[in-house]
Amino acid sequence: MESQQLSQHSHISHGSACASVTSKEVHTNQDPLDVSASKTEECEKASTKANSQQTTTPASSAVPENPHHASPQPASVPPPQNGPYPQQCMMTQNQANPSGWSFYGHPSMIPYTPYQMSPMYFPPGPQSQFPQYPSSVGTPLSTPSPESGNTFTDSSSADSDMTSTKKYVRPPPMLTSPNDFPNWVKTYIKFLQNSNLGGIIPTVNGKPVRQITDDELTFLYNTFQIFAPSQFLPTWVKDILSVDYTDIMKILSKSIEKMQSDTQEANDIVTLANLQYNGSTPADAFETKVTNIIDRLNNNGIHINNKVACQLIMRGLSGEYKFLRYTRHRHLNMTVAELFLDIHAIYEEQQGSRNSKPNYRRNLSDEKNDSRSYTNTTKPKVIARNPQKTNNSKSKTARAHNVSTSNNSPSTDNDSISKSTTEPIQLNNKHDLHLGQELTESTVNHTNHSDDELPGHLLLDSGASRTLIRSAHHIHSASSNPDINVVDAQKRNIPINAIGDLQFHFQDNTKTSIKVLHTPNIAYDLLSLNELAAVDITACFTKNVLERSDGTVLAPIVKYGDFYWVSKKYLLPSNISVPTINNVHTSESTRKYPYPFIHRMLAHANAQTIRYSLKNNTITYFNESDVDRSSAIDYQCPDCLIGKSTKHRHIKGSRLKYQNSYEPFQYLHTDIFGPVHNLPKSAPSYFISFTDETTKFRWVYPLHDRREDSILDVFTTILAFIKNQFQASVLVIQMDRGSEYTNRTLHKFLEKNGITPCYTTTADSRAHGVAERLNRTLLDDCRTQLQCSGLPNHLWFSAIEFSTIVRNSLASPKSKKSARQHAGLAGLDISTLLPFGQPVIVNDHNPNSKIHPRGIPGYALHPSRNSYGYIIYLPSLKKTVDTTNYVILQGKESRLDQFNYDALTFDEDLNRLTASYQSFIASNEIQQSDDLNIESDHDFQSDIELHPEQPRNVLSKAVSPTDSTPPSTHTEDSKRVSKTNIRAPREVDPNISESNILPSKKRSSTPQISNIESTGSGGMHKLNVPLLAPMSQSNTHESSHASKSKDFRHSDSYSENETNHTNVPISSTGGTNNKTVPQISDQETEKRIIHRSPSIDASPPENNSSHNIVPIKTPTTVSEQNTEESIIADLPLPDLPPESPTEFPDPFKELPPINSHQTNSSLGGIGDSNAYTTINSKKRSLEDNETEIKVSRDTWNTKNMRSLEPPRSKKRIHLIAAVKAVKSIKPIRTTLRYDEAITYNKDIKEKEKYIEAYHKEVNQLLKMKTWDTDEYYDRKEIDPKRVINSMFIFNKKRDGTHKARFVARGDIQHPDTYDSGMQSNTVHHYALMTSLSLALDNNYYITQLDISSAYLYADIKEELYIRPPPHLGMNDKLIRLKKSLYGLKQSGANWYETIKSYLIKQCGMEEVRGWSCVFKNSQVTICLFVDDMILFSKDLNANKKIITTLKKQYDTKIINLGESDNEIQYDILGLEIKYQRGKYMKLGMENSLTEKIPKLNVPLNPKGRKLSAPGQPGLYIDQDELEIDEDEYKEKVHEMQKLIGLASYVGYKFRFDLLYYINTLAQHILFPSRQVLDMTYELIQFMWDTRDKQLIWHKNKPTEPDNKLVAISDASYGNQPYYKSQIGNIYLLNGKVIGGKSTKASLTCTSTTEAEIHAISESVPLLNNLSYLIQELNKKPIIKGLLTDSRSTISIIKSTNEEKFRNRFFGTKAMRLRDEVSGNNLYVYYIETKKNIADVMTKPLPIKTFKLLTNKWIH
């Protein structure tokens, strides 16, 4: 019924905006443009159905009033329900409805549901049905004509109108941001227009074309609130809605006004950008036009600063005004008002001098604005005046611009200040000079710029002796006076045009005149207070007035900026005309253009070019006579000197005087070449060359690095060689300014030897041509030799050596002699020379077996330096040898192509060898003597480590155990070799050790592990052979897998448990003959020393000393006993009861007996069945077994002899693969990528924090100008090696903050894009601990700072580009880096150099030599770790002064100022420190461990008990086969890396008691057996149980006059594989433990004494370095002590017997220790084994012993 009524009264029905909706919703991810025809039909059908079913809602459903709005609601539209918007989008009507709103007088409701009004419901497109009124209406809401008073159309034409006007309207987009509202309104208005509602939209005057109906208002209200959510509305829109929430029309009206305003703004900007002015219109009109535009833009929020405005104005100047572009472009602080002053001046002079020369004003403008300094272009010095004192600056040349006023200055008391007015000065005749408009104000508004001029005022200057003025308008009685000489404050002449009188008319009607000079070459009109004083006028700056001596006030003084001014309105104008002023100075040069000005005008061309151009009339408008060339001869343009600076010209033949002045070998040239990248570690990366000036004799020496000691060794060698071989002394060495030559060490060496260093100037390579050309020649020869021979690149220096030998023997075209002949040497015997790379066969006199071939193919390199042999490269052994036992391959009889060097590595067949050769050995000389040694210890490349790059990924495939066995020969017939050379293979096998030296010794095959690093002592130490208490090695491992042993002999490795081996025949040490004697224990040695050593007999007996110390040296200043007590007094040693002197403790009596059974341990060691076998027999046994295995594997048949398989199974490949491809293991990643942190992060709160951190990082990058934002580059145009990938990484810091960092992928950075010689230094951990210890003893304040984004302060020198992150959508573009982005290889070094330079130059610091990142001055010590700074000072103000200086340049944050006298807590480089000044310091990591250890997924406290020690003695790591698949192996290795990584970090920070256990397990990272993992879990469990332990320091006694530095040393003899010994050292400063070290001895020791000597010798260098650091930081005297529990070691160190030691290695170490004791005041004392706290560094100890040795210093 009701629906029928609706159809009958369709002319007042509500529209189909709510009725014609479908029941289907459009998915949010649907393409809004993809609307198929089928969907259109569905929409139409649904619309029809909905129209037919539309009903009204009963009146009882009216909604209550909205409680959120207190103001009354409009009668026409009801308030919404439950908030500012309707809950169901339903509009109701109260009783005050207008007619036509409802049927039969009942309230009607329009059903609007949220989904119906949603933009997603109405499919956008041409078929969209929103908004469309129902067909019963007759027509959509059409816009009636203004004449029509009806709102709706006539029903008679409903059908036709509906047909003609029906269309589908795309809804407006959703508003998503307040900033997008202006653009959204435009689309909304367009939406209303398309909906036939254009008539209700307000016009420009704010009124619509027609009145809006109620239905339209309802529609307007609902659509606005749906598509413009309240949270995204601008503030001004919310303000309107808060008054009337339905007033949408007001919002539309104001939005249209803003659009019109935006249009006006755009027009103003276009006008301002296209300004044109040539003087055809008055300057006032032009100024008014420009200022109005700028004011309008500023009022609308578009700020146009002075610089931009001036540039736009000057760009539009033309004609005479164009000249201002060149005179004003350098003034950075110029204002618009200043520029218009110049425009006005030119315009007025144009008007006043129309009959004069056209360019006359231009000349004056030139002199005024561009030639202030006359012939001297140096910028005049500005002397600032004290605003509270009298101006006392001297007369100065004016700056090049005037200054305008602004509007924020207070007025003065004596004169009212009015707004600037302009009144032209009326002159008596047409020749009167017009000087512009006079300023009438006596007080002005001013800015704070001290260099601004106050227009219309004179500057009061107490330092000026004469008054100077620029304008002739006020000069009376002008006359010429060329004899006046005036200079400015910089002693530069100021040209004077005229002299006259300056007449004043003051407030009291008195008139006064003073002398004045006229010159246009000043910036300010200067009024001399001295000349005013001569006429009884003084300036009172307290009252700010000019007054007479009787107190009569004459005129007010204005304070503007830093100066004081008096108004020109008190000056009387004159009637001087333009010609009068011009003709005052009769000098011809004053009417000419000054040459400096012409020089700048003509683009700084040289004088000759300018003169020639003027003479030939190539430049018009003036000729050569118009230029004053009086100063052109001696004129120097500073800009030209800077911009055109060039290197000095080198005169040909300039070095001839050196050749005539010096004898041979007195003048040398030297230079360093390198580095050569991608080479093995054992191959040299550099070489240093020397060339004699006179003879041109050349020497080359290989270098592995450019360190000071390496360079010094070469210099020592070359000087000794020249002195001994040529009986000459080097007088001068010429070199460049590289740091390797300019360092202090080399400088002192040259000075000591009386050699003068001659350095080249910076960046002047031509001055170093001799050395540079030699390096280029040798490098060309090297490339040619390698190309011709086909030898691998790691032999590059051999090619250099060969070329040097040949070049020294070739004659010079100039001298017709060779360098050898000039040096007096015989010519080169070419019969002894072979072509580089000549194939040869080398005799092997000691093959692996009797059936192996005796000849080894090789390639000749160059003659030996040290013998009559030849250096030959053996590819099969990957080494070079020095031998004469070789035969040259020649002719067609060569069968070298049948040798298979290494099928796994070499891809080229040996038949490809080229390079012809000629044999120089006769046929009867082929058989060489067998008694010559094949090897030579002198060869610099005797061991070749293979190429470290591109390791073979052996983890992905099985490797046969027979990979390293001798290769078999080819079974097929091979082609015979022609007479051309055989080309050697270019690649070498990266998996064969460099230690395989000919003759091939049979070695144990223990696989070594390299590059496992720990942060020990603040640095990096390599961790070596694993073992807690290792058992003997299986004798079945291949010898080829002993691939890294040499690496570990030269590193600070960590080793394993100690066992007391006795009764082993050894050679005695010290002063005895080499005889075999029984091994004795330390106690027996101690007894023997007591009976034999007189110094020990003289010392107090042991029962009278609680420490049982044996002194070594008797000091002259302090008694031995006092020194001993002083050193021992404060050490944290355990308390033990005194023992009988005849009873000596056995430090190993608590150790359990060694297991007698033998396991499959691949690492060998102390688990052997016969612990007392001699060393020689033990080694021979291993070698013999290895040989048997290798022979058996050569003939092994896996099919027929499966049951007899040798002891190594295929599963062992997991350990082998890990050793060979250790670099393939990915590092632990603790950060998140962008997609992990933001895109796919389901934790909303964390995601928001990461987003905030991301925006903060982006803003910081833009603030620091990290890259060039002016230009983006195409990827195709840039060299790929200069392109660096970039990415964002995210992590959560320890303090809970979320951090984002934009980093470069330095891990894939090309080597050519950075200097590998640069180092990124950080403070050494020992330096930090030393500084903290000294701070405690000296009551220092400790201040902690942080520099934000430190790397970004360092500029980058190289040309590098980065790819923007992928999510930024710039995949095809590149941006150029300007700053050192985090992640780049050179960023750390660049930042170090930047902050180092700033600390030295600006903060007055100096870096402590030998201790990078430690800076000091007389008051402050600074430790620098990247962006963290720790400041130590006795005076807190000294720290604050440094902080103030740092903040001037860097964003410096004070983390902890350290000013409290109570306990202060720090977090310094991972250490949690509690410090109470003058009392104690505690160092720990409890909070960090509490957070990190649970994240390691270690089963903590599995048995519910706490561990008392990290390990127990008697535990052995089994080295059985590791039966594990690939994936599980990698997973466990990754787990071990995490666990040991954390343990190493903690151990080397402060838990020195755990170092032995940490290092032992670290060596098993690549052998993650179940036993190793369990032991690692036990170590982590102990760290968890003792996480609250701290390293405790107490302040030293204030009465102590000295600093005491002590090293406690210990060694465990022979408890490592190959009978290596474990050594350990602990370092203490004033009784406080500051560091520790546990490592494996690099040499095999044959007794406990040798092991102890090795341990002590390892501690001495660091002891000396720490001593130097302490003396630099604290000037107190220092006592160095060394404690050991080996009396025999003490006896050897103390002995004066100089007989030969057992071997040169330990003899050298012992003699070094003697020198330290005798020459460096090192005191050595004995300490009981049970008190030796270094014992924890060398072996696992029982719980009781472990606690006893550690509980005094860590608890």
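Residue numbering: from 1, along the chain as shown.
Just so it is clear, glycine is given a Cβ too, placed from its N, Cα and C backbone atoms.
Swiss-Prot lists ASP1610, GLU1652, ASP1685 with the feature Mg(2+) 3 binding site. Under the three-state DSSP scheme, ASP1610 (Mg(2+) 3 binding site) falls in the strand class.
Per Swiss-Prot, compositional bias 'Low complexity' is recorded for 1-16 (among others).
Residues or ranges marked as compositional bias 'Polar residues' by Swiss-Prot: 48-60 (among others).
The feature compositional bias 'Polar residues' is assigned by Swiss-Prot to 127-152 (among others).
The compositional bias 'Low complexity' annotation in Swiss-Prot covers 153-165 (among others).
Sequence annotations record features per position, and here Swiss-Prot assigns compositional bias 'Low complexity' to 402-418 (among others).
Residues or ranges marked as compositional bias 'Low complexity' in Swiss-Prot: 960-969 (among others).
Taken from Swiss-Prot, the feature compositional bias 'Polar residues' applies to 1005-1015 (among others).
Taken from Swiss-Prot, the feature compositional bias 'Basic and acidic residues' applies to 1038-1053.
What Swiss-Prot lists as compositional bias 'Polar residues' is 1054-1082 (among others).
Look at Swiss-Prot and you will find 1101-1111 (among others) tagged as compositional bias 'Polar residues'.
The feature domain 'Reverse transcriptase Ty1/copia-type' is assigned by Swiss-Prot to 1338-1476. Taken residue by residue, the domain 'Reverse transcriptase Ty1/copia-type' (1338-1476) breaks down under DSSP into 34 helix, 49 strand, 56 coil.
Taken from Swiss-Prot, the feature phosphoserine applies to SER416.
Per DSSP, the region 'Integrase-type zinc finger-like' (583-640) is made up of 26 helix, 4 strand, 28 coil. According to Swiss-Prot, the region 'Integrase-type zinc finger-like' annotation covers 583-640.
Summarising the annotation, Swiss-Prot assigns motif 'Bipartite nuclear localization signal' to 1178-1212 and lists similarity to another entry as the type of evidence.
DSSP assigns ASP1685 (Mg(2+) 3 binding site) to coil, not to a helix or a strand. In terms of local Cβ density within 10 Å, ASP1610 ranks first among the binding-site residues ASP1610, ASP1685.
A C-beta separation below 8 Å, combined with a sequence spacing of at least six in one chain, links GLU1652 (Mg(2+) 3 binding site) to SER1609, ASP1610, ALA1611, THR1684, SER1686, SER1688, THR1689. Within the model, the region 'Integrase-type zinc finger-like' (583-640) shows a mean pLDDT value of 74, rounded to a whole number.
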